[in-house]
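Straight from Swiss-Prot, the features:
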{"type": "BINDING", "residues": "Cys15, Cys19, Cys32, Cys37", "note": "Cd(2+) 1 binding site"}
{"type": "BINDING", "residues": "Cys19, Cys24, Cys39, Cys42", "note": "Cd(2+) 2 binding site"}
{"type": "BINDING", "residues": "Cys26, Cys30, Cys32, Cys42", "note": "Cd(2+) 3 binding site"}
{"type": "BINDING", "residues": "Cys46, Cys58, Cys64, Cys72", "note": "Cd(2+) 4 binding site"}
{"type": "BINDING", "residues": "Cys48, Cys52, Cys54, Cys58", "note": "Cd(2+) 5 binding site"}
{"type": "BINDING", "residues": "Cys54, Cys66, Cys70, Cys72", "note": "Cd(2+) 6 binding site"}
Amino acid sequence: MPAPCNCIESNVCICGTGCSGEGCRCGDACKCSGADCKCSGCKVVCKCSGSCACEAGCTGPSTCRCAPGCSCK
C-alpha cells in the first residue's frame, strides 16, 4: 500500500495540510491552487484575471505578478 503522501505511488496529488514535505514525492503534474501545498514538488498554480499571463518568477499566489492592468487571484 503506498504511503498516503507519496503522490508518485498513490497517483493522488496531495495539497492539503495532512502532508508535510517528509516522504512526499510529487511531480510536475501535481498542481495546487493555494499556498498551502505541503508536498515537495507540488506546483502552486498562479492565476491572473481574464486572459492575462503570469510573469516569470511567479511560484504561487504570494509571488504572483501579472501583466499591467491585470489582477492576481
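Backbone N, Cα and C define each Cβ position, glycine as well.
Annotated features taken from Swiss-Prot, shown on the structure.
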residue: Cys48; record: Cd(2+) 5 binding site; Cβ within 10 Å: 18
residue: Cys52; record: Cd(2+) 5 binding site; Cβ within 10 Å: 15
residue: Cys64; record: Cd(2+) 4 binding site; Cβ within 10 Å: 20
residue: Cys66; record: Cd(2+) 6 binding site; Cβ within 10 Å: 19
residue: Cys70; record: Cd(2+) 6 binding site; Cβ within 10 Å: 17
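Comparing Cα positions, Cys64 (Cd(2+) 4 binding site) lies closest to Cys48 out of the binding-site residues Cys48, Cys52, Cys70. Look at Cys64 (Cd(2+) 4 binding site): DSSP puts it in coil. Taking CA atoms as the reference points, Cys52 (Cd(2+) 5 binding site) and Cys66 (Cd(2+) 6 binding site) are 7 Å apart. The secondary structure of Cys48 (Cd(2+) 5 binding site), as reduced to three states from DSSP, is extended strand.
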